[in-house]
Amino acid sequence: MGCFCCFKQNTEANKQRLANNAREIRKGKTLANLVDNISLESATTKHRTVADEILQIENKNTNEARVFKYAELMKATDDFKEENLIGEGGFGRVYKGYLAEKKQEIAVKQLDKNGLQGNREFLVEVLMLNLLHHENLVNLIGYCAENGQRLLVYEYMKNGSLEDHLLDLPPNKKPLDWTTRIKIAIGAAKGLEYLHDVANPPVIYRDFKASNILLDENFESRLSDFGLAKVGPSGDKCHVSTRVMGTYGYCAPEYVLTGKLTKMSDVYSFGVVFLEIITGRRAVDTSRPSNEQHLIHWAEPLFRDKKRFIEMADPLLEGNFPTKALYQALAVAAMCLQEEASTRPLISDVVTALQYLSKNNKIQESSKDLSKRPSTDDKGNDDEDGGGEKRI
């Protein structure tokens, strides 16, 4: 379904630009020293983790995250008041906080002692976000590992998550317009591109979903929650074998069946989220009729009939989008969702495709605006037929 023949491949120069701009290494303590401040009890099992892999990277220094006292974070969140609760899940709770001495708003993720994110995932997230730095990844300010408490401190994202604006939209809230949706998709894809093509060693995100895409005040995307991330295959290996983890509805079929994880697994998950962005539907929604509960199954027959593409647009858009752009966006989503992993595009090609789509979308909008303006003659009078070209 669809192809990328109209989109130029990323050049080596473009990839070099990404590598040059990426702030992968910062001055500070080594990762090994950083780990000394965190419990390693669950990282001593026979299963190899991202942390184990990263610790073997020689001569890599990192910007040390701040180590907070639990009392500091209690003060910042006003004793973790319910009024400051901004998110909750299987991992624990997220609170809004304020560091008075820095005059900085923060988000504090307090991990549940019995939750889904254990010491292993906590360690991975701290190490990952200290090693990896990009404008489309959330910025880790610090952490706390004190008296059994495990907390992560991030920069505060004023617009919450993509899920808040797309899938959990209150009746009084304005839905995302088409341009903003594409902007968010581009930012999220760029975050994945950094992890896949620039980070050394490459990283497979493994938990790409709407709730993990945070939005700043300008609706720029930041990927968050790196607890499930894995270092990608090295040498002649093309995949990483691992226990199947992630969120139901977003995982690539080959990963679910075999436990073999590749960069293409992330590309599939991106396709699911991009389809959510286009349609306004959840990956899995049990409140819908049985034949519509799984987004991919619902979309399959529509993908096969171009005349029905328009049915896939989010009704909340009210038709305010270029039809050609919708078709192109759905073609990108369909390519990412190919059942055979080898036929999916690289995430760098997805970024190029979406940027092309965004650029053309702006041109179409500009042309539409110009066509609505009345033309005038040299004296400033309207043309008699109202349709002449504007003179320069």
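The backbone N, Cα and C atoms fix where each Cβ goes, and this holds for glycine too.
Note that the structure is predicted; figures quoted are calculated from it, not measured.
The secondary structure of Lys109 (ATP binding site), as reduced to three states from DSSP, is extended strand. Of all Cβ atoms in the shown protein chains, 23 besides its own fall within 10 Å of the Cβ of Lys109 (ATP binding site). Here TrEMBL flags Lys109 as ATP binding site.
If you look up TrEMBL, you'll see 365-379 marked as compositional bias 'Basic and acidic residues'.
Annotation comment: TrEMBL describes 80-357 as domain 'Protein kinase'.
Look at TrEMBL and you will find 363-392 tagged as region 'Disordered'.
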